[in-house]
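Annotation comment: TrEMBL describes 28-48 as transmembrane segment. Residues or ranges marked as coiled coil in TrEMBL: 77-104. Residues or ranges marked as repeat 'TPR' in TrEMBL: 183-216, 223-256, 303-336, 343-376, 423-456, 463-496.
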Amino acid sequence: MFKDIMKDIWLSLTSIVGGMSQGTRETVYLIGVIATIIAAVAAVWGLWGDGDSTKPSSAREVAEFAWEKGHEHAQAIADKEAEIADKETQIAKLTSAIEALRATRFTSQKRRAEAEKQLQQGNPKAAVTIFAEIEAEEAAKSAEHKRAAAEAAKHQGAVAYLSDTHQALSHYQRAVRYLPKDAEAWNQIGMLRRRLGELAAAGAAYQRARELGEQTGDKKAMANALRGFGLIADNKGDLDEAAKYYRRALALNEELGRKEGVAANLRSLGYIARIRGAIDQAEDYFQRALIINEALNNKVGIAKSLNGVGNSVRVSGKLDKARDYYQRALDLYEDLGDKEGIAKELNNLGLVAKTLGDLDQAEDYYRRALTLNEALGRKKGMAINLHGFGRIAQIRGELAQAEEYFKHALKLHRSLHRKAGVAINLSRLGQIAKTRGELDKAEDYYQRALALDEARGYQAGIAIRWNNLGEVAQIRGQSDKAEGYFTRALALNESLKRKKNMAINLDNLGVLARARGEMDKAEDYCQRALVLDEELGSKQGMARDLNHLGLIAQDRGESDKARDYLQRSLRLFEAVGAKLQIAEVKENLRKLGGKGFPTTPDRHGHPERMH
């Protein structure tokens, strides 16, 4: 069956390409490009699942589908001097490989005929072996032959980029061995090294691409290298430096009229704006990028822009809207076979599910994302997924397991010099220490995380750390100090429109007021927190607020009202699977009719303390 299909595909592609000019038809095949087409056709075939009723029934349909995909990216292919700036261009490179089938004149007729015969017989591996031998022979002949070999290697790298980082890197490294002054290939090496977390090597590759661009006046190569420098700075938490590079790259792309490059740098500036708390500005950047990519029909660019908008609306508390954006982005990435993009959106959907209290679903999303990131060797993604698993374990009360996940994630983030990831996981470890009553250790973790967030100007992180430090002060009985931290955190979160964290701060202020005997004030704070958590649909947040409202009602002697609040809280905590909080609320219900009801907050009264 497979051999017949391969034979028919080969004949169909020959028929389609036969419509080219006479000169093009007379050219012969270079090995690397032929190998690329084998992989591309296999990838196209893989776009249909086994259960898809629209799956093509003939090789001719497969070939026509591949050819149609080429026209989707005609604009990107036409820009022949361009460097590959983003993954949308990777897709264009795949289709350009089809045209390259007959665009070189170096392969011997006899060996080519032998390879074609193997293809027609459904033996692609044997054909690739022959092509590899030819490539080696041609690469040794002349500079002209080496240039063609480099292009072939880059075509193969474009195929592998979406699914196999190490294989793609080997192709691009071979390209620069053939042609050391190929700025395009150097930029791609930089991108792949960065994906692997090899930041020094990535920087060196971008620097080489930039130098070559300056030498030849290739502004696109320079723009891509500058954006690469920005991504590295961003990864390290140097936001001012990153923004500077992005703006310079944006200016060059605008000068060139290169819209896909403009959109890519608008997205990057949007991410920085979001980190700094300028949510409206961030959403504007993402929306502008989305409009450009939709006009270009750049599916990867559209997906990335949808992701950016989704992140902006998520931190504003619009979870349903965020989930819709993430799902649309995921659908596009799945159509493209882009594993990195798929992994990112799966993680984002996991974040939404976790916030809504659907821990099993969140865990499934994180597991699928981790599998993809491990296959790609993408350390940043792996660390983010491990943190997600840690949060789930933490919410379930499995502290030892949560601690292990956070430490593993912390180690990966440190190896990548990612201040953001280091800060988040230090703070999580602080939460575990606080829950265990190790307050000095918890405070140390929080202070170290705060220093990192202040260094990178991450306003949302600063607000979270203030809240954490306030909780430590509260447990120690330092109510004025705690109130100062909570009040500052609330003001900052209000300016950032981060409803989830606003609810946490309000609830903490409510707990503090209750401890002081200020029941009206305590109830007002907790009711305001409950309203926000209900807007978000956060089961865990609502359960926390209801528990504290139950305690306030109990203190006032309103037993029926207290019981109602506590029972509602218990149902929500049980739905989430928060073991520590379930035990606490059950104990509160047990004590409801007796003496000795606690009048001060205990250290397990705050199940959700961070984003």
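Glycine too: its Cβ is placed from the backbone N, Cα and C atoms.
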Any contact, the repeat 'TPR' (343-376) to the repeat 'TPR' (303-336), with at least 3 Cβ pairs under 8 A:
yes
Near the repeat 'TPR' (223-256), which same-chain residues lie under 8 Å Cβ to Cβ, leaving out any that are not at least 6 residues past its ends?
83-85, 183, 186-187, 190-191, 194, 199, 202-203, 205-207, 209-210, 213, 262, 264-266, 268-269, 271-272, 275-276, 380, 416-420, 452, 455-458
Who are the chain neighbours of the repeat 'TPR' (423-456) in space, where the CB to CB distance is under 8 Å and they lie at least 6 residues beyond its ends?
237-239, 275, 387, 390-391, 394, 399, 402-403, 406-407, 409-410, 413, 462, 464-466, 468-469, 471-472, 475-476, 580, 603-604, 609-610
Helix, strand and coil totals (DSSP H, G, I; E, B; other) for the repeat 'TPR' (343-376):
31 helix, 0 strand, 3 coil
Give the mean pLDDT for the repeat 'TPR' (303-336) on the 0 to 100 scale.
93
